[in-house]
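K.L.:
Feature list, courtesy of TrEMBL:
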- B:6-23: transmembrane segment (TRANSMEM)
- B:44-68: transmembrane segment (TRANSMEM)
- B:44-154: domain 'Nucleoside transporter/FeoB GTPase Gate' (DOMAIN)
- B:88-115: transmembrane segment (TRANSMEM)
- B:136-158: transmembrane segment (TRANSMEM)
- B:170-188: transmembrane segment (TRANSMEM)
Amino acid sequence: MFGIVSDLSRWAVPIVLLLVPLLAMLRGVNVYEKFVEGAEAGFGTAIKTIPFLVAMLVAISIFRASGALDMMTAVLAPVLSLVGFPAEVLPHAIMRPLSGGASLGIATDIIKTYGPDSFIGRLVSTMQGSSDTTFYVLTLYFGSVGISRYRYSIISGLCADFTTLIASVYIAHKLFGPA
Amino acid sequence: MVNYIWMAMMVIGVLVAAINGHVEVVTKAALEGAQVAVKTSLDLIAIITFWLGIMKLAEAAGLVQALARLVQPITRFLFPSVPKDHPAMGAIVMNLSANILGLGNAATPMGLIAMQELQKLNRGNSKEATDAMCTFLALNTSCITLIPTTIIGIRLIYGSADPTEIVGTTIFATTMGMTAAICMDRLLRYLYYRRR
């Protein structure tokens, strides 16, 4: 199973790059011209995201550096450990939707400290692998088309993250047993 | 919503830094955040330009539309507001497939193309997200990745006996999250229209 999937991952892009120009050519498309025509919009799309990303990442960066995260952890940890949620992974859980780089850093640190095959290490690996950086994705995707009113997107994104978190803790307890 | 969250992070950040007696970190953090943001956008130029070109070719070859038609039964349920055979569908499917295969570099440009196509269908306020965009992002942020390569790599570095043993648990957790995302999207959309 893993072999097939990783082969598929390795081959996916090269196959697309082989088939797409070939099939376009067979359809009578001027492939080079068409490629350039599409690629033209790339610069504008990327640049358009700058103000949105700056706004979001500055706020996240200040929030992180201020020590507010540590305060949140200190308050929440005793409550959560009552329901079998290990306090060690709480900083990761809070950081995951906000910053991909920071949460990966925290996960790496936890794996280094507790060992990758410990209960905590396996749990944080599952948490890191199963969710995405919700705030970054929303900011980037909406920003690229100039949308600043996200309606209920953040709520549904965070609900999904929360569900993923609970599911990670549940399945880790079930399969890997508590430490 | 995003207004409150943004404000809360700024205000709480500055206040907590002040209480902790190191208010000067705020200035540094703000600058660093801005730099990371600009660098991220600049890094995107290359891959977005490249994939936009390829996508244009795929569209001209009729591949995007064919893909959209192939997954129509699912997408018609998830995105009732998008016309069938619309290029947005093709881009959405390619974005989700790239996510599933763990091809982050290709997934982002596909996703941005999907957003552009969805924006073309936006009949309301062009600064406000449409139903289809909300659904797409709910799917995208909770999307299944079959092999979380980054974390497997880190487990390998720190001497795990079985680095891939977390693949099963990851798929379980992410499937739960994706289900929750789809349900919440539907529920919140219903509540949103009822309130108006």
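Including glycine, each Cβ sits where the backbone N, Cα and C put it.
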K.L.:
Mind looking up the mean pLDDT for the domain 'Nucleoside transporter/FeoB GTPase Gate' (B:44-154) in the predicted model?
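P.N.:
Residues in the domain 'Nucleoside transporter/FeoB GTPase Gate' (B:44-154) carry a mean pLDDT of 89 in this prediction.
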K.L.:
Counting CB pairs under 8 Å, which listed stretch among B:6-23, B:44-68, B:136-158, B:170-188 touches the transmembrane segment (B:88-115) the most?
P.N.:
B:44-68
K.L.:
In the domain 'Nucleoside transporter/FeoB GTPase Gate' (B:44-154), how many residues does DSSP assign to helix, to strand and to coil?
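P.N.:
The domain 'Nucleoside transporter/FeoB GTPase Gate' (B:44-154) comes out at 80 helix, 1 strand, 30 coil.
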